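Trainee: To start, I am sharing the structure in question, which I have written as structure tokens.
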Amino acid sequence: MAHDQSSRYANLDLKESDLIAGGKHILVAYKMKPKAGYDYLATAAHFAAESSTGTNVEVSTTDDFTKGVDALVYFIDEATEDMRIAYPIELFDRNVIDGRFMIVSFLTLVIGNNQGMGDVEYGKMIDFYVPERAIQMFDGPATDISNLWRILGRPIKDGGYIAGTIIKPKLGLRPEPFAQAAYQFWLGGDFIKNDEPQGNQVFAPVKKVIPLVYDAMKRAQDETGEAKLFSMNITADDYHEMCARADFALEVFGPDADKLAFLVDGYVGGPGMVTTARRQYPNQYLHYHRAGHGAITSPSSKRGYTAFVLAKMSRLQGASGIHVGTMGYGKMEGEGDDRNIAYMIERDECQGPVYFQKWYGMKPTTPIISGGMNALRLPGFFENLGHGNVINTAGGGSYGHIDSPAAGAKSLRQAYECWKAGADPIEYAKEHKEFARAFESFPGDADKLFPGWRDKLGVHK
């Protein structure tokens, strides 16, 4: 049985409202269950100790100052498994170079050793609150979706839906076919991203692919009269490799460098990779991909943290945009209520699962919607979210269109315009060919979402 530390690391008389008003603590909410035979409060206190100044025994080197920065359990509800801990902001590591906060220190404390404690069955972080002073000390985004809207010639407020795709197949295209796939989409759409495994494969080296992609962009811009955007994957183990890829691409794009975003796989690569991109390339849109996150964020996982927490951290780190799933409308795990993830990262204040968070003017992070989306699924998605100020990267939804990738891109745009106009999708399809052909391209979705569509659109098997 662990040493009971509740007299030091718990104070259930503390009021959450007072802690928030004081502005000196980061508050973290968990779902925590002790292992059988362990007391809830004692386990919670041990959890707080391991997450701050303590260990499993008293040590002789502890002094009064140390006790002043203890993390404190201030709320528990054993029946609902709710546990909340207040962490003094002095606990968290600061940069030597500029005194700023870092997410690695936050993660090390609030979701570090406590994930492997012998008396804890599970503990999952579901929300956290950051006071104004700590908000000021995180980098936050340098660019946001308004920068992209400006490039696209749109209003910088409520500039609307950015129709994007992912080059498919995700691997196996050589440089010329890769660039041709980009060109075909750009004839109808706005934004292309590398799929997360695409980098510098021997059959598609970066130094051959990127010049061809830029040439494809210029040709598409000339043909359509519209600006185009490309998000390049610079994910790598090594800082110098990341910068080598980024610097090469910036040189290639030259006068169109503002149309180049940098994608980092922030979950597998870690916070250091996100910060490298944010600080070394503050003029570029920072595209946070989250491959692998489901290992801990999935509702089926009892440990780690939620997708909501991951997205909220990404804004602090400086992500211009982060993938947030499809809220139950695509192929990825999720549900309609996940829209709160989008609201938290795009608004200046928002109610989370537990805490009301103010961002004090920190730039927003764009929700990026990806994973099994196509034109037929978009109207319902927008209705659930309540707006269309997102980037949507639809790979299969574009390259799977029966006519062409350009037609697929146009069908995505038309789906947004359909929702924006409050139109009936079937009636809208009758006047918009690419959207109508999306019904034939994705008949399984059409049957499920719009029963009777064949007769209404005059399409027969």
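Any Cβ shown, glycine's included, is placed from N, Cα and C.
Taken from Swiss-Prot, the feature substrate binding site applies to Asn113, Lys170, Arg290, His323, Ser370, supported by sequence analysis. Here Swiss-Prot flags Lys193, Asp195, Glu196 as Mg(2+) binding site. Annotation source Swiss-Prot lists N6-carboxylysine at Lys193, citing sequence analysis. Annotation comment: Swiss-Prot describes Lys331 as site 'Transition state stabilizer'.
For each feature listed, report its degree of burial, its nearest neighbours and the pertinent distances within the displayed model.
Mentor: Under the three-state DSSP scheme, Lys170 (substrate binding site) falls in the coil class. In sequence order, Asp195, Glu196, Pro197, Gln198, Gly395 constitute the residues six or more apart from Lys170 (substrate binding site) in its chain with CB-CB distances below 8 Å.
Other Cβ atoms within 10 Å of the Cβ of Asp195 (Mg(2+) binding site) number 20 in total over all chains. The DSSP secondary structure for Asp195 (Mg(2+) binding site) is coil.
Lys193 (Mg(2+) binding site): 25 other CB atoms within 10 A of its CB, across all protein chains.
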Trainee: Round to the nearest Å and give the CA-to-CA distance linking Ser370 (substrate binding site) with Lys193 (Mg(2+) binding site).
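Mentor: A Cα-Cα distance of 11 Å.
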Trainee: Counting only residues 6+ away in sequence within the same chain, which have a CB under 8 Å from the CB of Arg290 (substrate binding site)?
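Mentor: Arg290 (substrate binding site) has long-range Cβ partners Asp265, Gly266, Tyr267, Leu310, Ile322, His323.
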Trainee: Helix, strand or coil: which one is Asn113 (substrate binding site) in, per DSSP?
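Mentor: For Asn113 (substrate binding site) - judged by DSSP and reduced to three states - the answer is helix.
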Trainee: Far apart in sequence but close in space: which same-chain residues, 6 or more away, have a Cβ under 8 Å from Asn113 (substrate binding site)?
Mentor: Glu50, Ser51
